[in-house]
Structure formats: structure tokens, C-alpha cells
There are 6 protein chains.
Amino acid sequence: MSGATPATFALPARFLGLARNDRDAAVCIAGIPLDIGTTNRAGARDGPAAIRRASRMLVDGAHPIHRTEPAEMDVADIGDFAIALGDIERSLALIEAQAEGLAHLVALGGEHGITLPLLRALARRTGPLALVHFDAHVDTWPDSFGQRYGHGSVFFHAIEEGLIDPHRTVQIGIRSPMGNDVHDWTLARGVRIVPAEAAHERGPAAVAEEIRAIVGDAPAYLSVDVDVLDPAFAPGTGTPEIGGLASWQLLAMLRRLGGVRFAGMDVVEVAPAYDVAEITALAAATVAWEYLAMMGRPAGP
Amino acid sequence: MSGATPATFALPARFLGLARNDRDAAVCIAGIPLDIGTTNRAGARDGPAAIRRASRMLVDGAHPIHRTEPAEMDVADIGDFAIALGDIERSLALIEAQAEGLAHLVALGGEHGITLPLLRALARRTGPLALVHFDAHVDTWPDSFGQRYGHGSVFFHAIEEGLIDPHRTVQIGIRSPMGNDVHDWTLARGVRIVPAEAAHERGPAAVAEEIRAIVGDAPAYLSVDVDVLDPAFAPGTGTPEIGGLASWQLLAMLRRLGGVRFAGMDVVEVAPAYDVAEITALAAATVAWEYLAMMGRPAGP
Amino acid sequence: MSGATPATFALPARFLGLARNDRDAAVCIAGIPLDIGTTNRAGARDGPAAIRRASRMLVDGAHPIHRTEPAEMDVADIGDFAIALGDIERSLALIEAQAEGLAHLVALGGEHGITLPLLRALARRTGPLALVHFDAHVDTWPDSFGQRYGHGSVFFHAIEEGLIDPHRTVQIGIRSPMGNDVHDWTLARGVRIVPAEAAHERGPAAVAEEIRAIVGDAPAYLSVDVDVLDPAFAPGTGTPEIGGLASWQLLAMLRRLGGVRFAGMDVVEVAPAYDVAEITALAAATVAWEYLAMMGRPAGP
Amino acid sequence: MSGATPATFALPARFLGLARNDRDAAVCIAGIPLDIGTTNRAGARDGPAAIRRASRMLVDGAHPIHRTEPAEMDVADIGDFAIALGDIERSLALIEAQAEGLAHLVALGGEHGITLPLLRALARRTGPLALVHFDAHVDTWPDSFGQRYGHGSVFFHAIEEGLIDPHRTVQIGIRSPMGNDVHDWTLARGVRIVPAEAAHERGPAAVAEEIRAIVGDAPAYLSVDVDVLDPAFAPGTGTPEIGGLASWQLLAMLRRLGGVRFAGMDVVEVAPAYDVAEITALAAATVAWEYLAMMGRPAGP
Amino acid sequence: MSGATPATFALPARFLGLARNDRDAAVCIAGIPLDIGTTNRAGARDGPAAIRRASRMLVDGAHPIHRTEPAEMDVADIGDFAIALGDIERSLALIEAQAEGLAHLVALGGEHGITLPLLRALARRTGPLALVHFDAHVDTWPDSFGQRYGHGSVFFHAIEEGLIDPHRTVQIGIRSPMGNDVHDWTLARGVRIVPAEAAHERGPAAVAEEIRAIVGDAPAYLSVDVDVLDPAFAPGTGTPEIGGLASWQLLAMLRRLGGVRFAGMDVVEVAPAYDVAEITALAAATVAWEYLAMMGRPAGP
Amino acid sequence: MSGATPATFALPARFLGLARNDRDAAVCIAGIPLDIGTTNRAGARDGPAAIRRASRMLVDGAHPIHRTEPAEMDVADIGDFAIALGDIERSLALIEAQAEGLAHLVALGGEHGITLPLLRALARRTGPLALVHFDAHVDTWPDSFGQRYGHGSVFFHAIEEGLIDPHRTVQIGIRSPMGNDVHDWTLARGVRIVPAEAAHERGPAAVAEEIRAIVGDAPAYLSVDVDVLDPAFAPGTGTPEIGGLASWQLLAMLRRLGGVRFAGMDVVEVAPAYDVAEITALAAATVAWEYLAMMGRPAGP
């Protein structure tokens, strides 16, 4: 709250107010306003702008535990990726192309469908990735209501295409209805599912420890579907499920993943039209900020 | 308000509470929950359900002027058309196929993009149609931000494909910014544009008279984009423009089109996530009800 | 805006901030939080409190045309009438009893059902009243979905009980669907219906002149159902109908009724849960304020 | 998410999309849109419709823990019960009559007052029932602000009429202010009260174990007032109290009640006008779905 | 809607998407996020950001009547002016200093209090200005509830300080309560007041002609308080008054002021927290866009 | 819920419906509608009125654990303090003067800036106070974005002025970003910070015990910034931070502070324009009610 900067409400709506916008930064923030593959409520296209606005609360000061300052790091907000209106497959190709060549991408969705092309672009460089996946849904359906590359089939394809290593994949917060066949397929691939109730009962420290054990020292990707939070904490999303995590639990897990070798992340499925007092957008912004703050500190749990 | 029926709030959410749902009715109501071609706010996919809920206010009783009772006519609510998630071109093909064989369709959108396949299905039977088009936008862009068949290029294609006769086409309520080239192209085709301000200044009776003169006795189609109304009257839409019509003006024009040989209609672009107190959905429901009430009476202005 | 009073936001929520609360005032304001007879959306019980809060905008200063100052008149806010939860008939009896003995009552609803007991209490003293009735609905159904004394049958009973003189009754803004039998019964009684569209086309001055002619010099009652306004102007109500009046038109008519011998009034059907930015409550508060301002000036149109 | 069904947003608004609507099913779902006995905010009349819409998120797939599929069970959505507008006592009689003869009813409220006639209909067949009651309020006032059969006196009457066995009655989540006399009366009858804070401190597994011990093998009824949840999780209700349960806790308790011999249930007090992003309606829908999923599995904790 | 630009929802939130941000442009757009002098609802500090977001609807294409393209003109968005938190007098001094040296300023408020320092900066260069003032309130109170430079005393001070010529000042849309002394003072200074009702009755063309006659060829300033619009059209404001203008009327007047020698303008009092579907912000953005479009065309009515 | 009182919705909006309004009560409730020093969202000026309305849920009955009845205690609602519009320093002086002479003040904010003058008035009588401070922010910045006495610098000044004893000061729920210098300064003064995550992990009973140990038997002040709650529980506030406390945790701590010698309290930063279903206002009202209920019982943990 130093006197040299404008008050929060007068800040420009760039992520953390970042002036830098070139693709050469150590970490690039990009919005990906795709939502045409969603299967319940629409509107995730407006997620990136809402997350940026909400991030203004986080511009000034250090993380209270890590003591690092994300807004002072080697990070740029490179704006939004172009997509193809009305055509999901062409949109995925465009996203993959734009992700190429970035050192480390933090993507602001947009629907969860954007994760597949991001993994394609990344795995080409790193090989199969470990995956830390916070979500209410496993997203391993072979299709989304008949749509091959919808937001419910992302990790089916990621596994089938060898982009992620299912034995180094952990899904936390799962609780939606799902076909028993989908459930069994996922478990049979070796994916570790931590249901929402288990996460509540065991507490964030224990779950974080398990995540670190599963991921090990593989290059890893973090994908946070904001609907991992309970709708009380994240009403502004398209496919809510009750019984989800509290925001403090999500943050408490993230800040205990310090030793993981993350190569990229996304936070997706913010649908601002259903939000209240921008609390969902703020949750998503804080997740990205927490990730940056964690990266800025020495490794270790 | 007879005692034999449940109160409004306890009615099922079918259009006008219609129990009938077969495709053989003289008039079929169908929802078309497509919105992936929209270019600003999403959410028109939820339009059909919201319009049906709002139509419960109109179940009981006759039109106060025409004295006809839409809910007692030969009309069915046949549910929603199937669409292809994430693929606009395949969705348009599906819509066209499902419209085939219906005697007279009243379509509840969904985005304006649905009108093109409905015109394709209809014009095959009738030849080029006269068009009565209420909208804030001319929708004659050759593409919508690079998307060939988006909601802004409907009537460009309808003219190019010979589905409508531009000399028997009238657009009422136009007021958005538009490229001068698009504006000139539209006028050059012979389309009559009645800007919103002119509609306000001249009054609904005079505009309705001009509409009837333009359309003449050709088979005609009515397409009502709910954004023809001012955002005060229709906040729940994707591409609002201020300066629009009041709802009484729209109704006053519609009820003076009694002699036109309408072969079908749609009301589109209701996006309930942005609505307040369901007033936009009620406006759309009332437009369809007004159309039915008008059809039930003897011809004449 | 004098410095001696607190700013608008800091005023207490009494009608016009009135400190006076005794029943001996020349005019008494009372809230009547009844809504159990409503047939679509509930919540008019919260109308009185919302109207009082909104009235804070009107505390300070004179009417810009009449130059009178309602907050300085001989007027009291006597709080809310007691009602019987879950029992409409007993509630009506309670309302009638509490209205007894007041010199001149301005009632803040609550649903339209409250008007019947108010007319019973008043007509006992004055004989059959002339009625100036602004509404989207005629409210002359013999029952409301099987309920004898619901909000849709108020004026049926008022006519049947001889409380109002149908030949001196005028209904302005009517536009809802209604059974042709109800419509015909109402006209046959001698009631003058001015449909919403006619009010728009003729303008407020002409309609006001007709109202004055119909009412003449009989003692009169003013009943304003806030749904006479278009839902754009009054979303916060239970049974909205599009095509309604603009708020300026309602005010313009009211301020031209200066010569009428009003003996009481109500403004009803504000349902704050559906309001936005309290615009409906403000409309209702302004209607009551306009009425008071009109009463404070010399008679004449 | 199989390709054979429409996407969530295109499903019809029946509970779990159930096509079946006859009264002969093993379990019948019915809405009961009564709210005229509420004492704070109105609007629970719209609960059934909102719960049905929200239930569309739960149509497709199995419960992730029980592995059962409610939408595939012997269950029907039989629509809404008729009520008497403006007359609570006659409404209760109507509800009781309509509940007669159903094998097993899952009722969607409506206010909590509906539970009394449902218990009357059920206890006639089963004798005094054990009661599992989730709520912020004990609802054992002898009257509700002077109203004998309001939503605050349900279980006073149920005990007085011998419909439930107070020694087999447990109330979880209690936290509202209440008269010490009411509090003491309830305890003296033998009712077990688990305050909200105790439920938080002890955790759902321990509380569920206590519930099973209290209920034993008696025929039991489950009544869930959605205000047992904290207003963060269930803002859309009429008489909220802070300090309530999280939705995961409620689900975690319900899914541990597998061995209880439930004969019926209700979920009540959803008031959609106060909801945000339909999270309260989704909570209520999920509670009913969780109950069905539990019933479909073999007995045992 | 050309394919070269992103869709509306993906545009950056600068006014009309303007990339240019230097102070040397022929016209500079600036936000002034001051709201601490407001006397009813707060929140106009968020007006500039909301207006910029809403302006994205206006980026692409020409004005449909003037045929000019504001986004292609010599215009820059120079961001927000700095203000002094919690200190209105110091804020006014800061605003005045920042307005110095700009060729032509279009200010986005913020509360109406910002107009006084803008007039001070401008009149120093031009001498006393003619004023075209759209508002529900005269804003000529000598103070705002005891606050010398609040949003209700702007034009009192502007007249007293000789910044505007009261004989060349016209106020359109006035309708709030006001002290008769304030009313009389304003008229006695020579100010022309066009009440809202008169604007409705006479129509925009006639009023625009009167405005041009009053202003003549003096250098002029345009100040648009968004509450000149009815709350139906502009709910998102702090001191709403019913009976206001429709948005089409405001636009119709503005586009007929082509010959006036405007030296600057502002649009103020947008309070986004009370807005619905951003319609108020869109109204304000369109007012500024209409002004720019008018400036780009040859002089004349 | 006794029949002698009106239903909750019909109660007047005084705190707990208190009729008493004199300054001689043992405890006085006062609203302080100041918000001009806020640095993100505005609108805390409307907090007092919203808290009063929400308190109607708490009028009737005893605290379910303490068994005390706040509405029956020696307590008065003395209305709102006057403030100086647009001038924060003069406002603070006014607040201090009005707090003088009250035996025990429970203040309803308004922004957190009001706590400084309240501490000034109180410490003059008691000497340096112990402080129990629930908040997301430490509020020990030396200034708020350049503003000396803004809502972020309250406790910096309170320490510097010797109003509170930093070694007897405990801050619970802290989690916002902050400069490491501010963080270190606060710790170096001797202030105990309990971060939000620690409060979650340790549980309310353990934290309450630590609070009691820190405060000891010194005269103490309780300051509750409603943003200590997670935005899910308190969306209606100006500077939300995710990861906050649940409302049950806050209540559970407060009710374990029975032995502390509190000399006054405030609950601040309720901004109703961002609230949903008044849950934030209800949280604030309940905090004040919990405090009163605790004071009414015998001392001890």
C-alpha cells in the first residue's frame, strides 16, 4: 500500500498490473478465451479478463509465507491467444501453435479444453508429464456428449496421446457423477484419484505430501479447474458440484508443492456471468499468484 | 385465472404449458440452444428454457386485442433441436435437417446464426422469402470476426444464397456501428433499413404500414433479435446497443402485421445469465405469443 | 441538500424520513406486508421496507413542478399493519380494522389483495368510490386460481360489494392476457379500460383528461399496481407484463389529477427480491410522493 | 457424458431428466410449492422448479462412491402437489391427501411446513417414525409468530401428534436463537440436538455414527432444511443463520446412513430468488440424489 | 466485424480499444475515478474501467448516421487521472492540474464533482463557457449536505466563479426534488431548465434546436450525468430519479448538436456495482462515442 | 417465535429491533457510515443500515449456548454518527467526539478507518488497550496508498499513538499480500499474527485459548473486519482475500472469549452492494449479537 502507486481500484486490468508484455519472459501469462466446448453453462470466454481485474488485489506486496513478490519476478502478461470462433478443433490447433516457444506458460482459461493443446506443445519438449490436477471431474470421458475434444475428455486424450504419465497423475477434489466405466478406465490407467471428501478428511498437508510422492522429480504440469472449489467459493463456473474444497485448502496444498519441477500451469473454467462479487475470479487469480510465489522460492516442501 | 389450473408459479415449464409435443401440429415451437458462434457475451444456449419458463405468464386467457387464445390453438412444443457441440457448421446442418417437414416453425433461440439453416429449409419449399427483421444489427457482414457462419453474417448469406428477396426485406431498429462498406452493400441490395431513431420518431403504426407495403403478399419470415429492444427492456442478450425500441413499440408493430403471409418465425439472442427478473425472456415469450395470437385472427391490418 | 441534514445514505428508513408516527395526522402512511395471495412470484411482503428505504432520495426539497414539500406536510408514517400469517381471509379482516379511523391513508403494499379491505373501510364512510386504477391487469377475475380473495379478484369483489362505482372506474395500462368472459364482464359493468398501447399512443395529458372526466367530483381512490410500469422500469414485481408504461408517463398522469377528490391511495406489488438497484421501490416511493405533492397544491388540473 | 444424450444445458427440467411420471414407482419425486407460512423471506414456492433444473448436473453417471445410478432406478417425477392459495391449513390437508398411497416419497419443498402433513400420511402406515433432521432451527416452537402450523412449529406438532418418536429424533446443525423454554421443552422430550459447532468439531463420520445409534432399526424419516448449510453454501433460503455446515459435511453424513430404514424424505426451504448461480438448488438436488444413491446400495454404514 | 480483429469479448479494455495513449492527441480520453463526494450510493470510482470495458461493443465500424469512425480518429486513451484518497479538495486540485495542456478532453467519471476542476482548467483558456448539461439534478446547491465541493454544488460554483455563462447554460432532464430557493436562484441566474417531462413531450429534435439556440457560437462544454437517463436505462448510478429520459432520446439530441463549438465533455456518475448487464456503462460509453462521431463530421445541425 | 411479535420480515430495521435509543444504556450500538478512505471497492457507508436489517433474524430468542438474550439487555441503538462528507480527517475527529461519554460502544462500520478515533476516545479513559483483531490484513501500513489515515494504516497509528499495547495485540486470519517491511515492523512491535491457514489447522478452541493468554486481564478492544471471513462467507466487502475463515470458526472463537475484559468493539467493512442474499450483513450482525450474548454471561472461558 505504498503511496507511490494508485489505489487498487485505479490500477489497469493487466495481470498483477504487469507492464511487461513480451514473450521472452521467464514466465508468460496468457489468457485463452475459449468456451465453445462447454457442456452446461457458457461464458468462460470472459474468464481471462475477469481474472486480470481481480488480480489487482494482489499487485502490492509479498506472499505472507513465502515472502516472495510475484509482481517483481521475470514475468510478462502477453495478452490473449487467438482462437477460431465456432470451431473447436481449429481453436485447439491455434492454441498449440501460440504456446510454442514460450519458456513457461501460465494460462488463464477459458474452458478446460485448452489444456490439451497446451500439453501437446509442452510434452513435445519435455516428454510425458506428471500431472497435478485439481477438479470436481476426472475429465477422462472419451468424449463430451458426442464432442471428441470437449472439456470432459481432456485427460482421456492426454493419456491416449502419451502427453501425461498416468502413474504420475493425481486428481484431487473429484466428486461428480461419472459412468462406472469411465471411473474404472481412469483407475486402471494408474491415475490416483483423491475424492473431495478424502481431501477434507485428511487435510491439505497430508494430501500435498501424497501429491509430491506421486509426482516425484518428473517434469510436471499443474491444471486447476476452479470447480474443484465448492460452489460457495467459486459460483462463477460452468459445471459446479457441491461438496468441494474450501479456498484455504487449495492454497494450503499449492504452497506445499514447492519441490515439484513444474513446467507450466493453467487455471480454467471461470465463468464471470455466474460469479458474485468477483470471488471466483479472485480465487483463480490467487491460484496463479500462489504458483508464481512458490516458484520464486528455494525448492523443498 | 380460473380455479381449474394451478397458479402460474406451479405450471410446468413448457411453452404456454402446452401438453402437445408432436411434429404434426399446425404450428410447432422448438428451442434451438446454439450459442457457439456468438462474438461478445455467451449464453444464448439457455434461451429456450428461459423463454419457456417465462411463457407461463401467458398461459391463461386471450390476447386483449385480438381476443384469440394461443394456448388453445393447433400448436405443439416439440422440445429442443439437437446441435453439435463445438462445431458450428455441423450444427447448422443438423438444424436444417430437423426443420424439414414441419408445417410452420416458431423457433426459440439460441443465437441468430440459427436463422440461416431455418431459411434454407423453408425457402426450399417457398422460394425466396420476404423478410421482416427486427434487430439492432443488420447482420449482413460477410463474416463474423473471421467466422463464415456467425451470428453477424446471417443475412449476407441468406441474400447470397437467394433465400430471401432483398427488395422485400425490411430491417427495423438498426443502430449499431457498422462498416460503411457493409452498410452500403446492404442498401445496394435493395434492403430497406429503418433505424431505431426513425422507428421512435415515426411511431409503430406508420412503420408497420411500411413493413406491410414492402412485404406485400409474398411468403414471409419474421426474425426478431431480442436486441432490437433497448437494453433497458432486454438486458439479457449478448450484443446490446443502447437507443433501442421499447417493448410496447415492438408489440404494436407485430399486432399490425396481421395480413402478412408468414411462413415461420424466430426470436433469438436471449442470454439469461445477463437477464434481470427474467424480463428479457418474458419479452421473447411475449413476441412468440403475440405472433401466434395474430395468426389466429382473420387477415387484415 | 442543506448542511443541517445527513446525506441521503445516512437517513433512517422511514418514509420520507418522517419522525412523526401517530395516527392523527392528516395523511398516514402505512405498510401492509401481505403477499400470501400472490399467484406467480412471492415477496411483496418486503415492499413496504424497500419503499421506505428508497424514499430517502425524496426527503429533501420540493416537487419541481408543484413546488410543494411532502416531507413538510401534516403526514405521519405509522409503521406496518399487522397481518395473519398463512391466512388471507383473516389478514383482510385485520387490515380493514386497522384502516378504520384514519383520516386519509396512503398504503404501501404488499400485494394488490390489500386494496379490498381498504376499500371496505373507506366506502363505509364515503359510499361507492370512483376508482383510478393503474395496472397491467384488470383484476376483475371472480377468483385467483381458485382463491376467492386473491390479488386478481380485487375489483370483481369491489364492484360486487358496491365499494366502487364501475361507471366512475378507469383502468389504465391494461395489457395482460385475460379470459374474454372476464374482459366482457368488466366492460359490461361500465368500467373504462385504457390499454397500455392506447396510453402510449395518446400520451399522458390526454389520458389524464379522460380520467378526470370519468371520475368527476366523486370521492375517489387511487390504486397503483407497480406492474402498470413496463418491467424495464419495474422489474421488482410478481406478475410482470411487457409493453407497459414508462415511469415518466405515470408521473405525468398523476400530476394532472390535481382536481380529483382523492380519499386514499395505495401502491402495491413491489417485490424487492426481483428488483435491481431498487428502481422499482423508488418508482413506488415516488408515486406516493407525487400523490402527496399533488394534494398539497390548490385544486385544478 | 455419453454422446447419445444431449448436453446438460439442453436437458428438460424434470428431476434427473426422468421421463417416468406415474405414481406406481418404487420412489416418487414430487414438488410441493408451498411458502405462505414462511416468516422471513418468501419464495420457496419456486424451489421445486429450481431443484429440478439444477438436477440436470446429476443426470449422467453413477455416484462416485456408492457406484449406483439414481437416474436408472425405479423412480418417477410425478410433478407438483396442488396447494390452496392463501390458506395454509387447507394446503396441509391437500398435501396429506396427495401423499397417501405413494410407496416412498421424496418431496422437494416448498417451506418446512410441508413436512407435517407428509409425516401424518406416513405415520398412519408406519407408526411413530424416527427422525433425522438437518436444520439451523429446532422447529419445535408451539407456533410461528402466532401461526399454528407455520414452518417453525412442524416438529412441535409432530411430537404432540405422536407422528415421530422424540427419543429416536436427532437434530443436526442447530444454531439459531431460540427461547430457552422452547429449547428446554425439546430436550425434555428426549430429542437429541447436535449444534452446528459440535458437528464441525466432531466431524461427519462421528455424527453419522451417533445418528445411526439414535435411529436404530425404526422406520425413519429424513428432513433436510437447506438452511442447515451455511448461507455461503445455501444463500437461497428464507431464514439463514451463519455458522452452518459445509455441503461436503452434509453429504458425508448422508452417505454414512446406509443402514437406516428410511421411509421417506424431504428437502425444503430453497428460495431461488435469493440464490446465486443456483448453488442452493444444486445443493438440494444433490441431497435428494445422494439419498437415492444410498438407497440403491446394500445396507450397512 | 472484419476477420482481422479479435471478437468483441477478446478485446483489451481500453476505450474503443485505442492503442494510442499519449497526451498529444487531438482528443484525449481520461478516466477520473473520484467518488468520495457522493451523497447517496458510492462506487463511481469504478466508472472509468466499466465504461472502457463496455466500449468494446463500439470498436468496430462507423456511426450509422454520421458515417464517421471514432476509433480511427486522432484520439488517445491516456488512462486515469490521479486523485487524493479521502480528500476531495486536494483531489479537485490534482484533477485541474492534470487537465492542463490537453487539447480536448473527454472525461469518464467518477462523480459529477470532477466537472468543476475541468471547467476551471478549460475556462482559463476559453473564458466563460456555454454549458449543455444533461442531468436529473440542477447541481446548483450551494453545498452538498454540508460539503462545499460535492457533486450537488458543481454548477453553483461554476457560475459563481465565472467559469460558465448562465445565460448560455441549458439543463435538460431535470426532475429531482429541490429546494425552491435553489430552483429560483438557478432560474434567476438565467439558466434554462428543460424538465424531463418537457423533454419527453416536445421530443429530442425540438429540444436540440433550443439547445443550439441557447449555446450559439460560444465555446461550449458538454456534461452528461448518466442519471439524466431513467433508472430503467441507467440503474448503475448513485442518485437515481424516476421519470428520466430514454437512451434513444439522449442520443437523438446529441447527434443534432453538430454545429456547437464544443471544447470538452464529460460523462459521469456511472456506479457499476448497481448496474445490470453493464447497460449503464454501455450508455456512458456510447455517449462519448456519439460525441466523437459528431465531432468527426462537418459542422451543421 | 411467540405470537406477540410481528414476523421477522415485518420488524423495523433497528438493531435487534431495539426500541431504546438513548446514550445512557450500558451498551450503545451506533452505525458509522464512513467509506471515503477505502482503497478498492466503495460502499461501506451502507453497512450500518444493512447490518440493522439483517439483525432482525436475531431479535427473538436466546443464544443457544450462552442462553442469554441480547435484545433484553441494557442496550440501545443510538443511530448513526455524523461524518464529514469528502474529508476523512474531519470525519475522524467527528467520530472521536461522538464516541466520548458512551459507557460501552458497539460500532457498526463503515470502513476500518473508524477504529482509530474510537480507540483514541476509549484509550483516553482506559490507557493502552489489548486488541483482538480479526482481519485478512494487518492494517499496519504507515499509509494507505498515500493516504495517512486510510483503512490500511489504522493499527500503525494506534501503536504509534500508544492507544494499543502491541504485546497484547493479536491478529487472526491474516493472509493478504503485504510488504515484507510492513510484516517485519508489525512482528518487531510484538504483535502476534495468527495467519488464516494456522487458524484453520489449529482450530478455533486452540486459537481462542491463545487469544485469552495474550490479552490477559487488560482492558481490551475487539475489532472484526468482516473480510476475516472467506469471500464465500462475506462477499459483501471491499478488499476480499480468499483462504479466509468460515463463519462458524469466527463464532466459535468469539464465544470462547468470555473472560476477556472488553471495553468496546466494532465490526467493519460490510459493503452491501457486493453482498448476496445479505449474508455478509447477517454475519456482521451475528458477530455483534454474539459479543452481546457473551457479555451477558458470567466470566470464564
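Yeah, the Cβs are placed from backbone N, Cα and C, and that goes for glycine too.
TrEMBL does not curate its annotations; it predicts them automatically.
Around the Cβ of F:Asp227 (Mn(2+) binding site), the same chain contributes F:Asp135, F:Ala136, F:His137, F:Ala234, F:Thr237, F:Gly238, F:Thr239, F:Pro240, F:Glu241, F:Gly244, F:Glu269, each under 8 angstroms and 6 or more positions distant in sequence. The annotation Mn(2+) binding site is assigned in TrEMBL to F:His112, F:Asp135, F:His137, F:Asp139, F:Asp225, F:Asp227.
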Among F:His112, F:His137, which are binding-site residues, the residue with the most C-beta atoms within 10 angstroms of its C-beta: F:His112
C-beta crowding around F:Asp139 (Mn(2+) binding site), within 10 angstroms: 30
Same-chain residues at least 6 apart in sequence whose Cβ lies under 8 Å from F:Asp225 (Mn(2+) binding site): F:His112, F:His133, F:Phe134, F:Asp135, F:Ala136, F:His137, F:Asp139, F:Val268, F:Glu269
Residues within 8 Å of the F:His112, F:Asp135, F:His137, F:Asp139, F:Asp225, F:Asp227 Cβ centre (excluding the Mn(2+) site residues themselves): F:His133, F:Ala136, F:Val138, F:His151, F:Gly152, F:Val228, F:Thr239, F:Val268, F:Glu269
For F:Asp135 (Mn(2+) binding site), the number of other Cβ atoms found within 10 Å of its own Cβ: 27
Secondary structure of F:Asp227 (Mn(2+) binding site) (DSSP, helix/strand/coil): helix
DSSP-derived structure type at F:His137 (Mn(2+) binding site), helix or strand or else coil: coil
Where F:His112 (Mn(2+) binding site) sits in the secondary structure, as DSSP reduces it to three classes: helix
